[in-house]
Every structure is written in structure tokens, then in C-alpha cells.
Amino acid sequence: MTTRMAAAAAAGVLLVAVALAGVARGEDPYVFFEWKVTYGTKTLLDAPQKVILINGEFPGPRINCSSNNNIVVNVFNELDEPLLFTWNGMQHRKNSWQDGLAGTQCPIAPGTNYTYKWQPKDQIGSFFYFPSLRMHRAAGGYGGISVVSRLLIPVPFDPPADDHMVLIGDWYTKDHAAMAKMLDAGKSFGRPQGVVINGKSGKDAADPPMFTVEAGKTYRFRVCNAGIKASLNFRIQGHDMKLVEMEGSHTLQDMYDSLDVHVGHCFSVLVDADQKPGDYYMVASTRFIHEAKTVSAVIRYAGSSTPPSPNVPEPPAGWAWSINQWRSFRWNLTASAARPNPQGSYHYGQINITRTIKLMVSRGHIDGKLKYGFNGVSHVDADTPLKLAEYFNVTDGVFRYNQMTDVPPAVNGPLHVIPNVITAEFRTFIEVIFENPEKSMDSVHLDGYAFFAVGMGPGKWTAEERKTYNLLDAVSRHSVQVYPRSWTAIMLTFDNAGMWNVRSNIWERHYLGEQLYISVVSPARSLRDEYNMPENALRCGKVVGLPLPPWKTTILNRRYLILLAV
């Protein structure tokens, strides 16, 4: 037996033991996956492309689960580079160890495996995962996550006839490693060459049909923009869409003929198959960039032989339409989400703000190379993941806290390239303002939380803008767009202890430093508030060979004795 086979067998035994122990303790059900991550070749945009496959598939396997299920994913890295996966929108309550970013986890080395274990704790909705290191995301490797409500939790619509995942995104014909080299050299990789839908483009997307429906039935489509740069407009020829869910929140059920889906965002819509039987195009088009690109897939009514009309619906034009659509989105206050109590029972608009953080996008050149950041600080990953350095109390030489201020510098100076970590007091309610002075679109994401996107507008933010906030029914979500030369305001309670990434979803900006980490530490340092480092956690950098901190060792021993008793 090879070393790798022995490791895999040991991992399998460990997983079975974990599952049996979980059943004995009355834990939530377990869902297991084993992924082999490889390179492969697919023809996209009429050219052979090197893509990242999971079990030979692109997109990767869909994770279907219920709220609070224990998700176990054993990842075998068969690439020639280190690898991590992040689970976009999963809050990982008390468990930033599983967030899958360079600031929280050591990478999975080529030829080795690592097992993630996480829960969609008190979450429902539509999400996706993707490889988070370097420019891997540009080569695929992503897939959908759908989390349904537990039994007996009411859902504000009837069960659909079927539930489909639709992953749309821009696509580049450049190799992902070449794209990374361009950025390392201080160059941009420009505009996308096309758009893909569920890993298909051109004729491959339209023939054979991507989905088949039966007349008179209703279908759910979970639509996520898994691309790296372009906002996309999504629409279905001849059919209206009823918006019902957005990134884990039930929304007011308004009808739309098209939806702008920005990078990193996910929507759920219900579509009635109420038209004349035939074939109809499902369309995704780029927004806000020159030389618009479009992809079309086909929805077929069962038994139809009628081709789709060549008159493909055009996307809307302009920024104003998009902003007004965002303003129409509303939280469904009376619907339950993952818990039986109504979403609107949480009155976020009545909570006093304890702190305001204003994050302005910074852009500059260092040694002739393009960099992005927030408030004059461009993030760079450390050799030791920030969470591990904090856990083992070896932050000296790795990072320093709060090198970035809560407001942008009064005078634009040179960017500082350092690991960017700020602190937030546990369980405080904080307002965060994002300002995007650039001419291009931005989309921002916060790991570990859902926030309320309460306002956005043109120009620079001032305190007067608070009068325009939606303090009643803004949708709770994890990503939000920031239009060019505009601002967006969010509010949230920092009640999830851990090390959490704030980042641009525009992957060029993210790669070049437009991200930071927020350290949220519970004063109690209790398992009630945050889990210990997993026993299978990978180690690298300064923490290799270090003993566990004394208080952690004591807690681990207690857990071991409890397991023996079980």
C-alpha cells in the first residue's frame, strides 16, 4: 500500500469514526464527499482550455444539503500547485478554520489531501464554492451549494417541480497561470473573452437543451455569478421570474423580466412553464463593459421540437436601471428562514451603531506594478496563515493589528503592502461604508456573516446619507455591489468569533490587494463562542512543530474523555 493510499484509508476510518460518534451524540446528519481535483481540457469559446475539474467535472459536484447538516469534503489535490476551497456565503459559525483562504488555512500541497468539515448552521439558500488561491478561480473548479430548510420549517412558496443550479460567469481564454504572471508583472489581463453557463459556451450551451420542463409546472432556478470580473444580466426568453431568495434570505416575491447578477452574488427565482410549448433561450450578458458578451442555453418544454425564436431579449442599458432594481429588493419580514421565527423579528434598524468603518478603494503603483487596497493598505498574504499565528500567539513577524485606520487617509500617499488585519469587538453593531472611486464596477464580500445592505448612492458618503437608509427590510446577504464613483453602506453585528476576510469579488482587485481580515475574538475564549483548531489542521510557516496553547490542550483533553465515554 502506498503512503497516499494509507493516508486515504486512515482518513476514511477517521470519517466513519466521526460519523458514528456524531450519531451517538445526536448530532445533525452527515453528508460526505470525496473530490479528486485535476486539470483537464474543455473546449470553451471555440478553443481548447485547461480547466480545473472535480471528479472529472466542470462545474464541480453540487452540494445539496439541509440546514445544520455536517458537510465533510475530502479534497485530493492532484494539481501541480497548492490548493484551497472557500465556500462563498457559508458563515461557518464559530469555525473560521474551514473558511479555506490563505489567511485562515495552510494550503493543500500537491499530491496530498485534506478533509473539510463544516455546517450551514442556521442557514438556507443558494451559494457556491470555488478554489481561492492564485488565479485558480479563472480556471473553473467551482460548483453550487443549495441549502434547504429542515422539515417542519415553513417555506413561503410551494415546492417546485425541480430545483436547478445555474452558474454563470465571464471567461478568459488565457491560462490561469499566465493571468497570475501578468498581474505579478503589474499588468491587467483586460476584459473577458466570453461568458459561460454551467461550464458551457457557444453551441455547446444551446445543444442539447440544458433543462427540460413540463407545461403547467413551476421550477426553481438558483442563479450565481461565479465569474471574476463582469456583472451579468440574466433573463429567460418569454418568461417572467419571481424572485424568492437571495444569498440565504427569503425576499418579497416580485416579478422581473431580467436580473442583474453581480460577481459573487446568488439569486433564486421561480419560473412558471406557462408559455406555448417550444424551446426558449436562457441568456446571460455582460453589463457595464465595452464589447458586451453573451451566452445562451436552451430550456425545452417536454416533447417540443420547435426551435427557439432568434429574437433574443436584449439586456437593459445604463447604471440607473441597475440601481433602481437593487432598491426594489426587499426582505420578506413574515417568512421564516432557517429557524421558525420570522426573519423580520430581528429589528436591525433599531440597534445603535457602535462604530463606523469607512473603506475607500485605493489604487496605485509600487515599483511600477499595479496594486489595490483599502484606505492606503494593500493586503499581502503571509507565509503563516493569520488565524494560525493568532491562535498560537506568534503574530510577531507575521502581522500587526490595526495598521489601517477606520477612515481613509486625508491625503493620498503611497500604498503600504502588508498583511491587513483589523479587530472588531465581539458582538458590537458596526456600520461599514465602501467607497469605490474607480471607473469600474466593484463587488464586495464578507466571510463569516450576513449583513444588511442599507444604502448606496453616487459620489462620496457623508453622515447625511444615513437619512436615506432602509432600516426596515433591507435584504440580509453576504455580497453587495459598489457602483463606479459611488458608495454602499452595510450594517451587521460581529457576533461570530474568528478571522474573517473582507474582499473584492473582482478577482484581479482581490489578487492585487483589495482585501483585509477582521479578527473577532470572544473575551471568554470559550467553545461556546469559537471552536478549537481542528485536529487535522495543516501546519505551515511559524507554527510547524509548536505545542498547542495550554488552555487549548486542556479543552482538547476534556473532549477526548467525552468521546471515550461515548
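Note that Cβ sites are derived from N, Cα and C of the backbone, with glycine treated the same way.
These come from TrEMBL:
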- 37-149: domain 'Plastocyanin-like' (DOMAIN)
- 163-303: domain 'Plastocyanin-like' (DOMAIN)
- 383-523: domain 'Plastocyanin-like' (DOMAIN)
- 1-26: signal peptide (SIGNAL)
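The residues of the domain 'Plastocyanin-like' (383-523), classed with DSSP into helix (H, G, I), strand (E, B) and coil, number 17 helix, 58 strand, 66 coil. Here the domain 'Plastocyanin-like' (163-303) is broken down by DSSP into helix, strand and coil counts: 14 helix, 70 strand, 57 coil.
For the domain 'Plastocyanin-like' (37-149), the model gives a mean pLDDT of 97.
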